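Below: one structure, written as structure tokens.
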């Protein structure tokens, strides 16, 4: 008799297990599956589970040397998608032992590394992940988190204000520093390097760091508030990235920045560890996210990338605006904003949250609203995002007819007016425009901004 039965086999025999009870230590994934015509849902769901865990396309004799039952991914539930005949959600459970501790890189390589090019599927999208407590605890997470950041900055009870310095490419370091100073002097908490500002011929990183640090200290001395500028440490190698972070620390600045998707999760986690060890805050930009998350039926939802960032580490992350120039549906956005900030988030399908997620006291991340927003959006932003957020007005500060500092003043006045109105019990949704108008009566800077950007 032969030791094992050779040949190609159906995945669903081994990998579709509807009776399976998920364990607390399993990593759970929700995939939106669009199979090729004629492939039944069970087979497609099982194929996803197999290809992203222990499966290969044929029987191999080395299967006999291990326990498949202990190590295989299992498709344990399939549900139809309302309004889509050819789509369904496949739920897959992965045993914890398949993953290296503290490695977002390995988690993604395992779960989404190979299976997305699979022939039996027309399209595949990872909608959500449930990270078990045991796995969360192997990550350091954000270098500092929301509470520690507020304590370092001594700013409480309101969202923080930021601004990306434009034009993003072409300024010299000295002029760039001047723009930073004007914004901070006017009343912003932070200014930001654009995500594509690294170290180009017209402005090398070291010069920029120096002039921005000078701008920061000057603005701090003038205003009596702590100021920050997100110095982009993203670089072509990890060594160079850490070198830039070290220089930022030597200058004594409070915060650096990283593009976590283009830079990669390994680099990002290294930088996050450095930042915690050296008291630097870490601002994360999500350049390249739309390549991965924009298609509705293929790729990965941003909430998965956001969860991954909280594990890998970052104190701020860009997460859409709900109101500006970039797309983002309100409930769905609020769903992953809460996943970033809160310690425990209940499953809620109306907000796109497929699993209850317990972060077991991992620090939270501040969501950053950025992109096409201006003073008229302030009431809505204050209401939607609440206190724990960073509101970033690039053109909405620098586009002010009187210059950067008055633009910053306008934003700060608008924010303080909205926070005060909210604290007095007024309804920002219905009275927002009126609140801004009232505030603009005693702030010429805000009045000028209201003129430029009509409601």
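Heads up, the Cβ atoms here are built off N, Cα and C, so glycines get one too.
What Swiss-Prot says about this one:
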- 166: active site, proton acceptor (ACT_SITE)
- 285: active site, proton acceptor (ACT_SITE)
- 114, 164, 168, 286, 318, 370: substrate binding site (BINDING)
- 192, 194, 195: Mg(2+) binding site (BINDING)
- 5: N6,N6,N6-trimethyllysine (MOD_RES)
- 192: N6-carboxylysine (MOD_RES)
- 325: site 'Transition state stabilizer' (SITE)
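The subset of binding-site residues (114, 194, 195) lying with their Cα within 10 Å of the Cα of residue 166 (active site, proton acceptor) consists of 194, given in sequence order. Distances between the Cα of residue 286 (substrate binding site) and those of the binding-site residues 192, 194, 195 are shortest for 195. A 10 Å cutoff on Cβ-Cβ distances gives residue 195 (Mg(2+) binding site) a total of 20 other Cβ atoms nearby, all chains included. Candidate recorded positions: 114, 164, 285, 370. Nearest to residue 192 (Mg(2+) binding site) by Cα distance: 164. Spacing of residue 285 (active site, proton acceptor) relative to residue 370 (substrate binding site) is 10 Å (Cα to Cα, whole number). Distance noted between the C-alpha atoms of residue 370 (substrate binding site) and residue 194 (Mg(2+) binding site) is 12 Å. Among the binding-site residues 114, 168, 318, the ones whose Cα sits within 10 Å of the Cα of residue 195 (Mg(2+) binding site) are 168. In this structure the alpha carbons, written CA, of residue 194 (Mg(2+) binding site) and residue 164 (substrate binding site) are 6 Å apart.
For residue 114 (substrate binding site), the Cβ neighbour count at a 10 Å cut-off comes to 11, with all displayed protein chains included. Sequence-distant contacts (6 or more apart, same chain, Cβ under 8 Å) of residue 318 (substrate binding site) comprise 284, 285, 286, 367, 368, 370. The local packing around residue 285 (active site, proton acceptor), expressed as other Cβ atoms within 10 Å of its Cβ over all shown chains, amounts to 28.
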